[in-house]
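Below: the structure, in structure tokens.
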Amino acid sequence: MAGGSLAPTGVAKERAELYQGRVTLHVIIACMVAAVGGSIFGYDIGISGGVTSMNGFLRKFFHSVYIKKQHAHENNYCKYDNQGLAAFTSSLYLAGLVASLVASPITREYGRRASIICGGISFLIGATLNAAAVNIAMLLLGRIMLGVGIGFGNQAVPLYLSEMSPSHLRGGLNMMFQLATTLGIFTANMVNYGTQKLEPWGWRLSLGLAAIPAFLMTVGGFCLPETPNSLIERGSKERGRKVLVRIRGTDNVDAEFQDMVDASELANSIKHPFRNILERRNRPQLVMAICMPTCQILTGINSILFYAPVLFQSMGFGRNAAFYSSALTGAVLAGSTFISMATVDKLGRRVLLISGGIQMIICQVIVAIILGLKFGENQELSKSYSILVVIVICLFVLAFGWSWGPLGWTVPSEIFPLETRSAGQSITVAVNLLFTFIIAQCFLAMLCHFKFGIFLFFGAWITVMTLFVYVFLPETKGVPIEEMIFLWRKHWFWKRIVPEYPQVDENETI
């Protein structure tokens, strides 16, 4: 550090009470366009399970699974257990994991919009390859390109939403990402219901229609304004202030602007965000960036959404009934997100996470008991028990939709200081996709070996994560994004770890 001047320390005092502004049309439109990135993620989650149960798709790419599926006396839990089929679903998430880490420096150096555009283009290429696939290699290459798109989109979109939103409504606006995700899942279920009747090529239409949200995301990325936080971090203070004035609807943005300037000075002094994020003062955010997405996936929700048609067919539902049931769960998930959007900035994050966790635990245990007592190797559930299972799964999805679904993305995207925000979001996405990959690759085998115990397995994890939130997560409701550091310094546990003032290693400064 030249001249012996003091290293930047970031936001030095709380100014939240001085923040002014309102929700403007600019913010709403920008957040809606950006959130389209979530619909891509959701569409893929919803489309995969339906496509992997279509006979035309299985005959062309996974003939052994198709033959096994026709056996009337096959073990109910094991009829879809095939690592190649699981690899089709999970390869996307491994590619997304790698892409999310690549996206971090791009998001930091070139802005949030750049990563959104990269994500849209990659997904467009992937959707085209999948729809036109003639062999397994082309199919997997398409999935990998989809993964690259998801890695970039999931890294940039939640950050964009958190930085554009006013602090008092950040939770609800940030959840537009999850709302778009759930609507994508529901749309995919509806598409699958229609295309499964178009044998043997309906699966191509299901996979190809992903190009629509990819196109909207790409075009939207070119039209969106950059976030003021990113502009100021990259040295464009005047442009950043103009954008801030426009999105807040007032000229009196001095307090918020000064917080961004202070944060950007510290951010620009950090050469290596991934190394910096390992420092003691960033420990609570790093723990949350790892634990929140891990817990979100270990609820078991992706297993239900990935394989809903497969799961319901395994339970003895007819083909149409299976698609109806999975479409119902998709609709419930989308509807429950509105509950979260309406309450998150009133009740807070902790209340929703804990209450949702308790309801999910109860639902997992009930499903496990029903399947354990009434669903054997070669028998089907009775109609009444089948209906009960669907109802309980819907209650589980409802709880997830107002709690861990949206907040698993919202909380990590709002807690990091500017200097590590891109790196922190990359870690969040990478961990999410890593565990999504593991569960997607292992779920069919776990279902085969654990049988009804699979629901108890996920129920145990939900218990652990609910206790984790109760003990370690402070309430972030209404706290300005650039003043989150003060929250950790007040928390009963984290204040022992986070220094009262940020210490910057001079070797890390420019």
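Cβ from N, Cα, C; glycine included.
TrEMBL lists 23-43 (among others) with the feature transmembrane segment.
Per TrEMBL, the feature domain 'Major facilitator superfamily (MFS) profile' maps to 30-477.
Nonlocal intrachain contacts for the transmembrane segment (85-104), taken as residues 6+ away from its ends with a CB within less than 8 angstroms of a stretch CB, comprise 44, 48-49, 52, 58, 61-62, 65, 115, 118-119, 122, 139-140, 143-152, 154-156, 273-274, 306, 422-423, 425-426, 429-430, 433-434, 436-438, 440-445. For 85-104 (among others), the entry in TrEMBL reads transmembrane segment.
Within the chain, the transmembrane segment (116-138) has long-range Cβ neighbours (under 8 A, six or more residues past its boundaries) at 34, 37, 40, 61, 84, 99, 103, 106, 144-153, 156-157, 160, 204-205, 207-211, 213-222, 224. According to TrEMBL, the transmembrane segment annotation covers 116-138 (among others).
If one looks beyond the transmembrane segment (173-191) by at least 6 residues along the same chain, the residues whose Cβ comes under 8 Å of a Cβ in the stretch are 23, 27-28, 31-32, 34-47, 50, 157-158, 161-162, 164-165, 205-206, 209, 213, 305, 308, 323, 326-327, 329-331, 333-334, 336-338, 340-341, 344, 401, 405-406, 409-410, 413-414. Here TrEMBL flags 173-191 (among others) as transmembrane segment.
What TrEMBL records for 203-224 (among others) is transmembrane segment.
Annotation source TrEMBL lists transmembrane segment at 286-310 (among others).
Positions annotated as transmembrane segment by TrEMBL: 322-344 (among others).
Taken from TrEMBL, the feature transmembrane segment applies to 351-373 (among others).
Panel annotation: around the transmembrane segment (385-405), residues 178, 181-182, 295-296, 299, 301, 304, 312, 315-317, 325, 328-329, 332-337, 339-340, 343, 352-353, 355-357, 359-360, 363-364, 366-367, 370-371, 374-375, 465 of the same chain, lying at least six beyond its termini, place a Cβ under 8 Å from a Cβ of the stretch. The annotation transmembrane segment is assigned in TrEMBL to 385-405 (among others).
According to TrEMBL, the transmembrane segment annotation covers 426-446 (among others).
Among the features that TrEMBL reports, transmembrane segment is placed at 452-473 (among others). Sequence-distant contacts of the transmembrane segment (452-473) (same chain, at least 6 residues past either end, Cβ-Cβ under 8 Å): 284, 287-288, 291, 295, 298-300, 303, 349-350, 353-354, 357-358, 360-361, 364-365, 367-369, 371-372, 375, 404, 411, 443, 446, 493-494.
Note on the transmembrane segment (203-224): residues 30, 33-34, 36-37, 39-40, 43-44, 47, 50-51, 54, 56-57, 113-114, 116-117, 119-121, 123-124, 126-128, 130-133, 142, 146, 149, 153, 160, 184, 188, 191-192, 195 of its chain, located 6 or more positions outside it, place their CB under 8 angstroms from a CB of the stretch.
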